[in-house]
Amino acid sequence: MSVQEYLDKYTLSRKLEDSVNAAVRAKTTDPVLFISNHMKKGVQSVITKVKARQILDSRGIPTVEVDLYTNKAMFRASVPSGNSSGMYEAVELRDGDKGVYLGNGVAKAVKNINEKISEALIGMDPTLQSQIDHAMIDLDKTEKKGELGANAILAVSIAACRAGAAEKEVPLYKHIADLSGKATPMLPVPAFTVISGGKHAGNSLAIEEIMILPIGASRFEEALRMGSETYHHLKAVITEKCGPHNCNVGEDGGFAPNVSSFREALDLVKEAISRTGYDEKIKIALDVAATNFCIGKRYDLDFQSPQKSGQNFKSAEDMIELYKELCAEYPIVSIEDPFDKEDWEHIKYISSLGICQVVGDDLLMSNAKRIEKAVAESACNALLLKVNQVGTVTEVIEVVKQAKEAHWGVVTSHRSGETVDSFIADLSVGLAVGQIKAGAPCRGERLEKYNQLLRIEEELGDQAVYAGEDWRQ
C-alpha cells in the first residue's frame with residue numbers, strides 16, 4: 001500500500017485537520033504533542049507485529065514471552081508453567097532437545113509465534129479478543145493446541161488482551177469484566193502458601209501446600225498484611241520448634257520444614273495464626289495433590305521419605321476419616337485434590353459431606369469436558385483455574401462461566417514456574433472469582449500478583465469490593 005493509499009484509506013488528512021482545530025480550541029502550550037495524542041485517539045488500533053522470545057521462569061526453566069505491537073504501542077505478556085502436565089490440558093510445546101535446557105527449550109513455540117501467529121493476526125482489532133483467540137485456534141487445528149503450543153497461543157492471547165484494554169482506555173480488569181459480561185469487579189481472597197511439601201519442596205511432607213485465607217479482612221490491603229504478618233510469625237515458630245535450618249522455602253515460597261505428618265505442619269500454622277491475634281479472621285486451606293502419592297488405590301503418606309516409603313499406606317476410607325478429623329480440629333475451609341485424579345467415587349463422597357470446599361485441580365485440569373462431568377456427578381464444588389491449562393483468554397472466561405453456573409467456587413491459580421506477569425490478578429478481579437492462589441507473601445514473581453491487586457484496590461477507591469466472607473460466591 002502506497003503512502004497516499006494509506007492516507008486515503010484511513011482519512012488521515014481529515015483527522016489531521018480535526019486535530020489541528022482541537023489544538024487551537026484547547027489553547028495548548030505544546031500543539032505538536034497535543035496533535036500527536038489526538039491523532040492516536042482518532043486512528044483505530046490494529047495489530048502490526050507480534051514478536052516472541054524465550055525467557056526463564058522462576059525455576060530457571062524456559063518459557064515464552066511476547067511483545068505484541070499495535071500502531072499505537074507495545075504490549076508484553078509471558079506465560080507460567082507447572083511441574084507436570086496432564087493428558088486433559090492444553091499442550092505446552094517443548095523442544096525436547098536434551099542437550100539444550102535439558103529438553104525444556106521453547107524455541108519451537110517462539111518460532112510458531114514469529115512465523116505463523118504473527119502473520120495471521122496482523123491487521124486485527126485488539127479489542128476483538130474472541131476473534132483473535134479463535135484465529136489462533138483455527139490456525140492450530142488440534143483439540144489441545146499441540147501444533148502451535150498452548151504456551152505460544154496463551155502468551156499472544158494475554159498480550160492482545162492488554163492491547164484491547166489500552167485501545168478502550170480502561171484498566172485490564174475492566175476490559176476482562178466487559179469481555180465476560182461481568183458488571184462488578186471484586187478483589188479476591190488470597191490463599192497464601194505458608195508451608196510447602198510434596199513435589200514443591202524437598203521435605204518429608206506428603207501434601208503439597210498449606211495455605212491461609214484472610215476471610216475476615218475488610219479490604220485486600222488488610223488481607224495482605226495479615227498474610228505477611230502470619231508468614232513472619234510462622235518463620236519464628238518454625239525456628240523455635242524445628243531450628244532455623246527448617247526455614248528454607250519451596251518453589252512457591254512456602255516454608256519447607258522437615259515435618260512428615262499433616263498435624264505437625266498444621267500445628268505450626270495454627271500457632272503462627274494465634275500469635276497474630278487473627279484467629280477468627282484467618283482460615284486454612286490444603287492442597288493435598290493426592291495423585292502424587294497414590295499407588296494403586298492406596299495413598300503413601302511417606303512417599304517423600306525413601307527410607308520409610310511403603311510403611312504408611314492409607315486407604316481412601318482412611319483418608320476420608322483423616323480429612324474429617326482435620327476439619328474438626330483446625331479451621332480448614334478448603335481441600336484441593338483430596339484423592340487421585342481418577343477417583344471420582346471418593347471425591348464425590350467427601351463433597352457430599354459438606355465439611356469444606358472441595359477443589360478440583362488434577363481432577364479437572366481446567367478442562368471444560370472434565371468440569372461438565374464433575375458438575376453432572378457432583379464430584380467437587382470448586383474449580384482451580386490455571387490459565388495455561390486452557391490456552392486462551394476467551395476459553396478461560398468460558399470455563400469460569402461454566403463453573404459459576406454450577407454455583408461452584410473458583411480459585412485462580414499461579415503455577416510452580418512463574419514469571420513477573422501479573423495477568424491473573426486482573427483476571428481474578430475482572431471475573432470476580434472470589435479466590436486467588438498465587439503463592440507465599442514473598443518472592444517477586446508471587447508478590448507481583450498480590451501487589452497488582454493492591455494497585456487495583458487503590459484505583460477502585462470507594463468502589464472496591466473485597467470478597468471476604470463471600471469468597472465462594
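The backbone N, Cα and C atoms fix where each Cβ goes, and this holds for glycine too.
Summarising the annotation, TrEMBL assigns active site, proton donor to Asp252. Close to Asp252 (active site, proton donor) in the fold, though at least 6 residues off in sequence, lie Thr193, Ser196, His200, Glu209, His414, Ser416, Glu418, Gly439, Ala440, Arg443, Arg446, each with a CB less than 8 Å from its CB.
Here TrEMBL flags Lys386 as active site, proton acceptor. A simple way to gauge crowding: the CB of Lys386 (active site, proton acceptor) has 23 other CB atoms within 10 angstroms, across all the protein chains here.
The feature substrate binding site is assigned by TrEMBL to His200, Glu209, Glu336, Asp361, Ser413, His414, Arg415, Ser416, Lys437.
If you draw a 10 Å sphere around the CB of Asp361 (Mg(2+) binding site), it holds 27 other CB atoms from the protein chains shown. The Mg(2+) binding site annotation in TrEMBL covers Asp287, Glu336, Asp361.
Marked as domain 'Enolase N-terminal' by TrEMBL: 47-176.
For 184-473, the entry in TrEMBL reads domain 'Enolase C-terminal TIM barrel'.
Around the Cβ of Glu336 (substrate binding site), the number of neighbouring Cβ atoms within 10 Å comes to 28.
In the predicted structure, the domain 'Enolase C-terminal TIM barrel' (184-473) carries a mean pLDDT of 94. For the domain 'Enolase N-terminal' (47-176), the number of residues in each DSSP class (helix H, G, I; strand E, B; coil) is 54 helix, 25 strand, 51 coil. Largest Cα to Cα distance within the recorded substrate binders His200, Glu209, Glu336, Asp361, Ser413, His414, Arg415, Ser416, Lys437: about 16 Å as a whole number. Here the binding-site residues are His200, Arg415, Lys437, and the one with the most other Cβ atoms within 10 Å of its Cβ is Lys437.
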